[in-house]
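Below you'll find the structure I mean.
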Amino acid sequence: MAILSALATEVFIPVAGVIGIVFAVVQWVLVSRVKLSPAAAASGGSKNGGYGDYLIEEEEGLNDHNVVVKCAEIQNAISEGATSFLFTEYQYVGIFMSIFAVVIFLFLGSVEGFSTKSQPCTYSKDKNCKPALFTALFSTVSFLLGAITSLVSGFLGMKIATYANARTTLEARKGVGKAFITAFRSGAVMGFLLASSGLVVLYITINVFKLYYGDDWEGLFESITGYGLGGSSMALFGRVGGGIYTKAADVGADLVGKVERNIPEDDPRNPAVIADNVGDNVGDIAGMGSDLFGSYAESSCAALVVASISSFGINHDFTGMCYPLLISSVGIIVCLITTLFATDIFEVKAVNEIEPALKKQLVISTALMTVGIAIISWLALPAKFTIFNFGAQKEVSNWGLFFCVAIGLWAGLIIGFVTEYYTSNAYSPVQDVADSCRTGAATNVIFGLALGYKSVIIPIFAIALSIYVSFSIAAMYGIAVAALGMLSTIATGLAIDAYGPISDNAGGIAEMAGMSHRIRERTDALDAAGNTTAAIGKGFAIGSAALVSLALFGAFVSRAGVKVVDVLSPKVFIGLIVGAMLPYWFSAMTMKSVGSAALKMVEEVRRQFNTIPGLMEGTAKPDYATCVKISTDASIKEMIPPGALVMLTPLIVGTLFGVETLSGVLAGALVSGVQIAISASNTGGAWDNAKKYIEAGASEHARTLGPKGSDCHKAAVIGDTIGDPLKDTSGPSLNILIKLMAVESLVFAPFFATHGGLLFKLF
């Protein structure tokens, strides 16, 4: 037996979750101490009120009062825009949620013809399990719970980001260290809220469902898979809708503002500037939050499903069964300690310390987590146990599982650092891309594409190695816990990730409020580091998506009763080739949506510059609201077709062609989706940072390419604009496509196994 008792497990998991939530609240209170009202800001800054820092503004004799008022106004406009967009989006998503919940109930209820009699279990035929009708009902409930948790976590993240952006700008007057801590703390609020609420809701759901299921753990954890489906389906709409919104505004603002009118980024004269800043919050924060929550929920569900038919489930070993949740609980505690390193132990004093501070976060959390996993594996697992492996039971030791989780954890770190090497302007790949701008936009595009394709190599080897090792040790369960290992430091990962858009907004607010160029330099430095860390976050999300969807795929194949997936069988092969095409179809839809929305935006921005007298001189105000409306309308309308493609494919394929073809589709989509996702994210990130490299002019080489407004810089802006939909719409949404199709197939597996393959039955 394990050392940790069932009672200790029942206490430890919720306590860890609550500690995470409390920590998030504490960080939020610390951020809210930065005041956005002029009186408080003036006394806090100038009269040594608790600070020995002087404000830059004072030596330049600028009026402090007006700056604070202006920051508060801009922040308000951004916050209102983001809130109204999310409410509109959630109304549409709510309708979808209700319809899909009914679909889940009808499909799964029909497996046994809606009978309320108990039936033989799927895996152990000698035992009786609860009726399929109730499993259908509970799957529907857990789907709705997952969906709501996902929406709430995205919404809260957005609220926190819009709350913190102007505060980061005001702190930048006191120094880069203060601004960094404000932005990072706000990111941590989101990271911890999301990781903890995901864990707590899942844990409560399991315990409530247990009241009905009793000893039938197989049925219990099968119905819990709906939680992952709910989380990911909302993430899909959040990611695609938010991604289209943010990039339509961004591309419109850049093309007309920077290339045609030669005005700086985030200039208040640019009509699309508020929409652009709103977009950072709805796409990068709300979308990213829902996305990582979905990954986390699915990897937990995949591991629990496999565990419930292994010795943990058969012997009703509650502690062993909760091993996936224990990993996440330890993760929250580890991330909490790691966060203190950034905010309280190592102070950031200078601009060049920002990126190392963020990278230290990743390394420290990974190192501490390795120790944490070792301890929890020793305490929570028996020395020997068996894991379900396609119909047989495979014997595994507790150290074996420790290796599975650890390899996932370290593979995540490797993917993160490779991504950083290819997207940070401190290294040669991005500098080469910047250099290629000398001969115009065409060479810039060629170099950028080559960089993206090349950046796929090492991450794929890392994923392949972790799959091979973890599968050899503990079959599909090994892969599921490897994915959980990669996501175990999700709180720190999300904090680093949310930090990027917050600093980006802070820079925008500094520019719009007319602050001095020295403050803009500080916020730009925060933003450049945030860009790289956002790319690292996307690397994590894609790597974990690959492992999660493979684990879900394994659970689906087991549940659907497929003994072996034979690539040479025509049923499977047609699935493979169609599945590999889906990411391209999906990317085509999302890219075209951004393009057509950006087209409308460019026309509107041009119209305002041409027809509003005094706009270029700064004497008249642009009409921001129209641009916000263009982005909102476009993204709501355009998110439906790609969403429908992903949600309907498994249902149609499973029902008409059966489980073998569907397993081919899932494998094909996984294999091609991962490659496109990594290359798209890194190409976009590299183009963005090549542009920033030229703008910053920090090295001799960069100064020969710049300044802003030179031909070289314009070529870089064009590259950045092409990369925008790649790195913020298509790339990040693809990892949801891979996971979502797999988890949906798993939820509907009982239906496909009994009624699927109608076409092949007819002919």
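Heads up, the Cβ atoms here are built off N, Cα and C, so glycines get one too.
TrEMBL lists 12-31, 92-111, 131-158, 179-206, 321-342, 362-387, 399-419, 456-484, 540-560, 572-591, 645-678 with the feature transmembrane segment.
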Residues sitting near the transmembrane segment (179-206): Cβ under 8 Å, six or more positions beyond its termini, same chain?
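Distant contacts of the transmembrane segment (179-206): 13-14, 16-21, 23-25, 27-28, 30-31, 34, 142, 145, 149, 152-153, 156-157, 160-161, 163-164, 167-169, 171-172, 220-221, 224, 227, 231, 285, 289, 292-293, 296-297, 300, 304, 325, 328-329, 331-332, 335-336, 339, 342-343, 348, 354, 357, 490-499, 502-503, 506, 522-523, 526, 530.
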In terms of Cβ proximity under 8 Å, which residues at least six beyond the ends of the transmembrane segment (92-111) contact it?
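Same-chain residues near the transmembrane segment (92-111) but 6 or more away: 132-133, 135-137, 139-140, 143-144, 147, 151, 226, 229-230, 233-234, 237, 636, 640, 643, 647, 651, 747-748, 750-751, 754-755.
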Determine which recorded stretch among 362-387, 399-419, 540-560, 645-678 has the most C-beta pairs below 8 angstroms with the transmembrane segment (572-591).
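Comparing 362-387, 399-419, 540-560, 645-678 against the transmembrane segment (572-591), the winner is 645-678.
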Who are the long-range neighbours of the transmembrane segment (399-419) in its own chain, taking Cβ under 8 Å and residues 6 or more past its ends?
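Here the qualifying positions are 323, 327, 362-363, 366, 369-370, 373-374, 377-378, 381, 455, 458-459, 462-463, 465-466, 469-470, 473-474, 477-479, 481-489, 535-536, 538-540, 542-544, 547, 678, 681-682, 685.
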Is the number of Cβ-Cβ pairs under 8 Å between the transmembrane segment (540-560) and the transmembrane segment (362-387) three or more, considering only pairs separated by 6 or more positions?
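The answer is no, given that the two segments have fewer than 3 Cβ pairs within the 8 Å cut-off.
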Using Cβ atoms and a strict cutoff of less than 8 Å, what residues sit near the transmembrane segment (362-387) while being 6 or more residues removed from its termini?
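Hits for the transmembrane segment (362-387): 1-4, 9, 306-307, 310-312, 317, 319-320, 322-323, 326-327, 330-331, 333-335, 337-338, 341, 393-399, 401-402, 405-406, 409-410, 412-413, 416, 474-475, 477-478, 485, 488-489, 492-493, 496, 536.
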